[in-house]
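Chemist: Taken from Swiss-Prot, the feature transmembrane segment covers 2-22, and the record attributes it to sequence analysis. Sequence annotations record features per position, and here Swiss-Prot assigns domain 'KH' to 208-271 based on sequence analysis. Taken from Swiss-Prot, the feature domain 'HD' covers 334-427.
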Amino acid sequence: MGSIIISALLALVIGAVVGFFVRKSIAEAKIGGAKAAAEQLIEEAKREADALKKEALLEAKDEIHKLRTEAERDIRDRRSELQKQENRLMQKEENLDRKDEALNKREALLEAKEEALNERQQHIEQMESKVEALVKQQQAELERISGLTRDDARQLILERVEKELSHEIAMMIKEAETRAKEEADKRAKAILSLAIQRCAADHVAETTVSVVNLPNDEMKGRIIGREGRNIRTLETLTGIDLIIDDTPEAVILSGFDPIRRETARIALDKLVQDGRIHPARIEEMVEKARREVDEHIREVGEQTTFEVGVHGLHPDLIKILGRLKFRTSYGQNVLKHSVEVAFLAGLMAAELGEDEMLARRAGLLHDIGKAIDHEVEGSHVEIGVELATKYKEHPVVINSIASHHGDTEPTSVIAVLVAAADALSAARPGARSETLENYIRRLEKLEEIAESYEGVEKSYAIQAGREVRIMVKPDMIDDLEAHRLARDIRKRIEEELDYPGHIKVTVIRETRAVEYAK
């Protein structure tokens, strides 16, 4: 048993020793392989390093060669440029030398000429001295022979020449003036006749009545209303007389103000068509008619400017122009008259080479003040100038308005043409009627007197001027003041107006109290 254990131990020891040497040999073998591999790697790294070193050297040599080549080329270019600059400088130097030589030659030539001129000047001065002495000698001899001094002889000759020339100039001026007047008369007659022939005016005298047709005679009673309240309301609101007589199916509206008459006609037409006729409805329709008339006035103004070819007028001026449709002067419609004057002035301006459109503009606006002369103080010329200035019209237009009646001196040819065209249009046979104009002026004066008093809201001359109705403000005029106002207006009418028969003065003071039930 003990021998077995010993044998086992010996075997174990021997095995351990053998294993140790085997492992050592294996380790040494591995170490040797690793050394060989490391040496091989080192060798390969050395070869790669040598290759990279050679490659870097080659690249460095190539770069050095390129830089050297570029440097040599740059040096050659610079040398070439320097050579060119040197050549140019040498050429400039040669040119300067040649110019200097030429200047020296010219300087020598000029000096020679200057010397020759000095010699010639001295010779001329000597000759002038001799000539002056001879002239003085001859003048003294002439003065001795004629008995006149030099100044006396000059004055005598000048007087004689002046006398002859003055006579000839006067004759020439007289002949020129005669020819100019004859030519101007012929030219003016030709231009006026041509303008009149080319401007055809179709216009008849305005009337002071309008007729409203009725569907039947029963409508007359409804228009009059209970105890005449409807007709009174309509007449009070419009200031127009309603004449209801035996004329079948018609009502006549009479009034000198065409705008009021047109307003009344439209309102009455609407009332007849609607069938409801009572004071409240009448007020509503009259107000609606006023708006329609205002719109119609604007459209008339725009249509007129389009017809005449005048553009760029201020909208307010266009509306004022449209009001001229409802304004007459001696029975002649002022808007038609203004259009006629515009065309006549334009035609004459074109013949004379002036601005045709500016002449038309001045002719169209020459009576613009008549549209509101019954509302604003001053003559229609003053009002027209004020309107044209306010709306920045051309200075020629303003002067044409101011001078067309001779109140101001015309400053342009167009202003003279507008005045001539105005006279032509007014003087045309049948264009105006003096009697109608006087009648309308009397009615306007009636209203002007009534409205000049404080507290008067509106006044209407009706019944062909036989009555004036005055609407007063109830908060300013009481019943006693109304009677006093009527007396004062009556006295002024008697003092300032000439009229046939009697004029009834009616002062109306109306107070309304309105409440709404909810």
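From the backbone N, Cα and C atoms, a Cβ is placed for every residue, glycine too.
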Chemist: How does the domain 'KH' (208-271) divide up by DSSP, counting helix, then strand, then coil residues?
Modeler: 34 helix, 13 strand, 17 coil
Chemist: Under the DSSP assignment, what numbers of helix, strand and coil residues are found in the domain 'HD' (334-427)?
Modeler: 67 helix, 0 strand, 27 coil
Chemist: Pop the mean pLDDT for the domain 'KH' (208-271) in here, whole number is fine.
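Modeler: Across the residues of the domain 'KH' (208-271) the model's pLDDT averages 82 on the 0 to 100 scale.
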